[in-house]
């Protein structure tokens, strides 16, 4: 062992450049592997940290042509949750995905916050088992109680301790409710559908007994070993259609909580659910494995490139009696040593990156302490890379007969060895070409979504969530419009174009039920937002004093249901007693929700007198002039009317782009590591050129003596690599095209598959390869041929 260690240190000192390049390349590859695995683990482990993971299911309803919804009505809980033997427990959550105005008494001063709040039945803590910091897990049993995560307790009161009994007031629209803090729980991890919010108690029964009002999320905890399909079949024997009223044959289904994140089904009213693309996560994992594979190939190429310099020494040891097995073990041990040193350096790189802005590229951040099992896996991979990458050079270097090697001559250019090295470098070229294509299309798709025409004016619009005294305030509306910087102000109940939280209505049209997303708005909303009409007219100021509602549907609704401006929507009743509402216009299609979803039937509605006053707490300001001065004016007026309100106006395009921050972060992550893989593969090209020039010194010397020019020698080296790049492109291009096409199919809106991207990837790899080969072979081409021939 001491001899092996001494020989290892000698090798490091003797071949400083090769050892340094090996350690640097492997360490960068291992660091990239660790970072990518952190992100992949975050995505794959979504909602799997729960104590009851694997037994928690979300209840959903498939209403056929009317759509598939992940929400239910209030009676679902006691009807199905309390009367099914396979259901151990359940909880109902009343979602609310716009921020409420929450006020607290902090050190004698009323302080306001914008915060999402949700109602939950007592089963919430039994299903999701939050770790309590203060209070008990039955906190939601008593009415008027609130359960806070530790992060919000610190935000509201300055500490997560000593806050039991504190009062908070939740202002939603024009309604306010007081709650007493009954418990504080340790924050859930970020990769969960159950977010760290304010949860207020709602009773398990009562509150809303209307079967047809779908506005709740229901989760059930099944008994160990229970079959979710059997549970759903049992529930579907219940006559749900007669209870719901708006669907002919609705069916109930269950989706496991941990499967929701990668669920790509088009769901209506998928409020606040976080989704990821499995294809993108799989691509990240593939890049991690490819980076390791490329680094291992480089390791082999660098090791074999040193064979001419080491083979005589090794075979001299064989002549002196050293067993071949001992020599091979020593060479493999050297490879393992380099791999483990590289892994230690990789851990250092990751630690250093955790304190930089790169930390924001990973959804769960960079944490060595929080990924212990992952680090052990990475260590095992590093050891395996050292072993596998060390075996071939060890066997290759010790494979020559000692008597033959001790003679003068070269033994590196066997046909078998050359084919293997060419295959390895070809693999790297295929990977490089494919990753460049993938990275470019990721950027193109990202830019496509960023600059797509959504059908609404984004450039001159500011946006603000209202609360407290600002909701419905005529003084606020009047004062804001006093400035010449503000052309007009419009309002809606929920954000339009910068979120997916829209109510789903089911109405009677021509004797059939139709389903559409809907948003109550002020009469001037379409004009302020620049929404164009395909038919009919805009709303007017008198519409709010009519008996029924007034609708403007989008073209998609008109296409799906045959709606026209001559038709009416039946709100309730039938015949002469029916309350009917006017279809005022048909708007040109616009993206009222995230671009991750295709345009669905949608309506803007001005509510009539029969429906009472509807709070419209989202304000949109049409700006003319200096936009920053306009925002300052808006915030100043809001602060004057409600000093405690946390005023925060922002530009609409900023809020729109924030929807795709995760996409851009993932795109940047994939692009960075793809380019890193390309760089590592080109280091492999460098290693192969070193190998070639070492073994062909005599040939180069003879050619120069016979009159060959430097250009001709450089051409000789480059020609084989150029040919190899073109062959690899023929292999990589169709594979990349297929992968990109399949990936783009997961988007509702996607960039075209441009041919020039493939051509550009070929040009980039070809150019960099030519530069790399030329720079490295220049030294051999310009060397004195006499020295080369003398050495041989």
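The count begins at 1 with the first shown residue.
Cβ atoms here come from the backbone N, Cα and C positions, even for glycine.
Predicted, not measured: the structure shown is a model, and the values here were computed from it.
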With the ranges 259-282, 283-306, 451-474 to choose from, which does TrEMBL describe as transmembrane segment?
283-306
If I go by TrEMBL, the feature transmembrane segment sits on one of 203-222, 223-242, 403-422, 423-442. Which?
423-442
Transmembrane segment range according to TrEMBL, out of 162-182, 372-392, 477-497, 498-518:
372-392
Quick test of your reading of TrEMBL: among 669-691, 692-714, where does it put transmembrane segment?
669-691
Which stretch, out of 327-352, 535-560, 561-586, is listed as transmembrane segment by TrEMBL?
327-352
Counting a contact as 3 or more Cβ pairs under 8 Å, with residues at least 6 apart in sequence, do the transmembrane segment (327-352) and the transmembrane segment (669-691) touch?
no
Near the transmembrane segment (753-775), which same-chain residues lie under 8 Å Cβ to Cβ, leaving out any that are not at least 6 residues past its ends?
429, 432-433, 436-437, 440-441, 444, 678, 682, 685-686, 689, 714, 717-718, 721-722, 725-726, 729, 733, 736-737, 740-741, 744
Mean of pLDDT values spanning the domain 'ABC3 transporter permease C-terminal' (672-785)
83
With DSSP helix as H/G/I and strand as E/B, how many residues of the domain 'ABC3 transporter permease C-terminal' (672-785) fall in helix, strand and coil?
97 helix, 0 strand, 17 coil
Residue counts in helix (H, G, I), strand (E, B) and coil for the domain 'ABC3 transporter permease C-terminal' (286-402), per DSSP?
98 helix, 0 strand, 19 coil
